[in-house]
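Let me begin by presenting the structure, written as structure tokens, before commenting on it.
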């Protein structure tokens, strides 16, 4: 059995802790057979556990404690600690692993609820499960979500060499916003979502760059965002935003502008990689 989970990008600027998209980079796990102990085979680095302490197994055992140990191969081309949903992909894979091995027949809604409870917010896990563009809310232990088609475009990722861990990126956020500022932030997010639903990426991109919830406070941690935004605006991008907690910046681009934008970004920094993604429309898949 093979389980594949897409990378994700949360927030899209003003859709803080609510909006997310699935991307065409993947975590893949293969169940190879029975074993006396849980064993995870991977080449992802020493910091990733190879036994039952791995987040994949921890997640699966929370859902189905009776699971018997397996040998599992884990492969991922999702960069770690770069704001592309690497940990969320493992949680989603763990839920699907338990679902299949224990024959739980979980619905997509149940998977989103379980993943949100474990992750704390739905903006990454929901698109990882459902694919495409998802707007979600986690209020009073209830999870509400809507999936919709995201307009066609290229998604260019500017991925710095240095990681930025979510805990550090969240620590700079304020505990409160002034009421007037919160109203403005909410209205910007509303217009962004409506523009996406209408297929209007030029307007959606403008709203993505007007966020008031988090990007302002994270600028000191992601100094490259301002220059990327200036450069990509000049080259005809729809818009750019900090992916999740950063440090990756995503740029939405018309296909005909992508090569020129990528060339400009490559000149900007040698301490970053540039990748081009598509929107993954399927979410978690089992083969």
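Every residue, even glycine, has its Cβ placed from backbone N, Cα and C.
In the three-state DSSP reading, residue 89 (ATP binding site) counts as helix. The ATP binding site annotation in Swiss-Prot covers 79, 80, 81, 82, 83, 84, 85, 86, 87, 88, 89 and is backed by sequence analysis.
Taking Cβ-Cβ distances under 8 Å and a sequence separation of 6 or more, the neighbours of residue 81 (ATP binding site) in its chain are 163, 164, 165, 166. For the recorded ATP site, residues 79, 80, 81, 82, 83, 84, 85, 86, 87, 88, 89 set the reference point as the centre of their Cβ atoms, and the other residues of that chain within 8 Å of it by Cβ are 7, 78, 244. Across the binding-site residues listed here (87, 89), the residue whose Cβ sits among the most other Cβ atoms within 10 Å is 89. Under the DSSP three-state reduction, residue 81 (ATP binding site) is assigned to coil, being neither helix nor strand.
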